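*Asks:* The annotation topological domain 'Cytoplasmic' is assigned in Swiss-Prot to 1-13, 60-77. For 14-34, 39-59, the entry in Swiss-Prot reads transmembrane segment. What Swiss-Prot records for 35-38 is topological domain 'Lumenal'. Per Swiss-Prot, motif 'Prevents secretion from ER' is recorded for 74-77.
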Amino acid sequence: MAVDVPRAVINKLMLFTAAMVVLPVLTFFIIQQFTPNTLISGGLAAAMANVVLIVYIVVAFREDTEDHKVDGNKKED
């Protein structure tokens, strides 16, 4: 029993998955070039992972509210 998932949802999920992997690692190594302290580099990498997660949640909520607005407009017609 397969569920049809919209392609936009899959694309968005893949984008944020890649960002969750790449951005913290990239942040760690870029900051490591400026300071030898791994605590700072690791902390900023963890912060970047949290930023990606928060942005994903905000995008998901906006998408959900847009769907409700579209459904509301269809019912009024």
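Note that Cβ sites are derived from N, Cα and C of the backbone, with glycine treated the same way.
Walk me through where these features lie, including what they touch and how far apart they are.
*Replies:* Sequence-distant neighbours of the topological domain 'Cytoplasmic' (1-13) (same chain, 6+ residues past either end, Cβ-Cβ under 8 Å): 59.
Counting same-chain residues at least six beyond the ends of the transmembrane segment (39-59), those with a Cβ under 8 angstroms from any Cβ of the stretch are 12, 16, 19-20, 23-25, 27-29, 31-32.
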